[in-house]
């Protein structure tokens, strides 16, 4: 399938509006309600040091990349049943692509 190309600036706005209340992205950023996302591309689910994940998240065992994140962000509770993340998801493919484009840049 492949993830469509996203717009970093639109993704940043989405992050601020929909994600920043629970997540940080900068190196050394604090965990909030959700984990700091720095360096999460290429990491397995439930692996950010110092964050208390649900058993479901730890057990999922997938590696975060564009494709897995694209599917997850559409409906987190469907992708990882039992996740603590209360976010309902982004139904529009272009919004998910924009957010992923931003996260790829912001979490390096």
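Every residue gets a Cβ built from N, Cα and C, even glycine.
The feature heme c binding site is assigned by Swiss-Prot to 19, 22, 23, 85. Counting only residues at least six positions away in the same chain, the Cβ atoms of 15, 32, 34, 35, 36, 37 sit under 8 Å from the Cβ of residue 23 (heme c binding site).
Applying an 8 A CB threshold to same-chain residues 6+ apart, the list for residue 22 (heme c binding site) reads 32, 33, 34, 85, 87.
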